[in-house]
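I have placed the structure first, in the form of structure tokens, so that the comments after it can refer back to it.
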Amino acid sequence: MDATIAPHRIPPEMPQYGEENHIFELMQNMLEQLLIHQPEDPIPFMIQHLHRDNDNVPRIVILGPPASGKTTIAMWLCKHLNSSLLTLENLILNEFSYTATEARRLYLQRKTVPSALLVQLIQERLAEEDCIKQGWILDGIPETREQALRIQTLGITPRHVIVLSAPDTVLIERNLGKRIDPQTGEIYHTTFDWPPESEIQNRLMVPEDISELETAQKLLEYHRNIVRVIPSYPKILKVISADQPCVDVFYQALTYVQSNHRTNAPFTPRVLLLGPVGSGKSLQAALLAQKYRLVNVCCGQLLKEAVADRTTFGELIQPFFEKEMAVPDSLLMKVLSQRLDQQDCIQKGWVLHGVPRDLDQAHLLNRLGYNPNRVFFLNVPFDSIMERLTLRRIDPVTGERYHLMYKPPPTMEIQARLLQNPKDAEEQVKLKMDLFYRNSADLEQLYGSAITLNGDQDPYTVFEYIESGIINPLPKKIP
């Protein structure tokens, strides 16, 4: 980029590189850590931070009333995410920590640990290698606003906070059937989650303090504290109903912790819409262009415009149009490159449809540097496609378009003169759909982070799903 020439134009490769490698988020995380820890020499600190490479490890807090299942969900998440579980019990059982020994002594006397001591235990545990490299999950901590503020003061910030919720009557009834395996720490229930193995059944123990009165007292204290804890975690907190099967709660929690929060990183949408003929790609592209000022790039329309304008490429394309043959990929990509390299596409972003039709075209797009950052597959059943396309008609006198089911002509006279576009004939539609589905599996494999949508619903409902997929960051893929 020549510094002596104005106005400056940023090459499209620069923002694309920054976006793909999360440069903005990396710099933001380093700045946050610098402000939190305030090291005397920032350079070695930043180098150490980069070596850790732990910006995206799980940092999760799970809160909830007694018997809501938070410990079970926390243990399942730990196994799935390979993270460290931090509970009050395992924090005070650390035999190599003087702080833990003192906390254990106080806990045996008072059945509670002072907030300052508990937060010190958490700080010591989070400084260990497994928590730094693999992440952590706090189970039932913080319990009070004081604990939440002390944790925040030390710069310990979770990425996701989950609060489980259920009616008190359900929790009291559930707590009465609670059983614990003393060997593994696994929690079972006499009604909802009874182990099939007789060996485990025989060693299960009834925990203390699960009577109806004691549970009600704990619930009262929880409700008094949680309303003051929740405001400490705006924008990163999700409430999940615990009054449903444990597996459903787990999958909702897992989906949430795999999601990424919206950032202030600059983002230029490069949207690719894929789907069979008649799936609504053109309509969705027009809606996106209208609302977000994206450049609507329709491959077929570009080719027609090139022919109509009698450009150099248009003259090469015209013979293929006249013979009703497919335009070669090399020529098609040159026309497409010419459009996507224009400044409006670089600055505003684009929504592309009509290409790629197969894996070769997709690889060509990638090699040319036109990598979409959002890909959507619009799935529509075969019968719905046939209904949408084969019943379309046009009035040759007025040019008005009709649909025999959704927008029938007002009079018999108009209906008698309606014509069908040859492209909407049943055989033509079947051929196009067959061609798409032959290549769709390869395209789905190539675009692994693509979002699949049900296109057989109201167009504005589909648009809302697409809009949500563009605005929100893509979820993390955790094996």
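Cβ coordinates come from backbone N, Cα and C, glycine included.
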Recorded ATP 2 site member, picked from R174, R179, R392, R393, that accompanies G278, S279, G280, K281, S282, L283 in Swiss-Prot: R392
Cα separation, G280 (ATP 2 binding site) to A67 (ATP 1 binding site) (Å, whole number): 48
Recorded ATP 2 site residues G278, S279, G280, K281, S282, L283, R392, farthest C-alpha pair in Å: 17
Environment of G278, S279, G280, K281, S282, L283, R392, the listed ATP 2 site - residues of the same chain whose CB lies within 8 A of the CB centroid: G275, V277, Q284, R388
Across the region 'NMP 1' (87-113), average pLDDT on the 0 to 100 scale: 83
Most crowded position, judged by CB atoms within 10 A, among S68, T71, Q147, S282 as binding-site residues: S68
Residue from I141, Q147, R203 whose C-alpha is spatially nearest that of R392 (ATP 2 binding site), among the binding-site residues: I141
Cβ-centroid neighbours of ATP 1 site A67, S68, G69, K70, T71, T72, 8 Å, sequence order: G64, I73, L164, I187, A242
Helix, strand and coil residues within the region 'NMP 1' (87-113) as assigned by DSSP: 18 helix, 0 strand, 9 coil
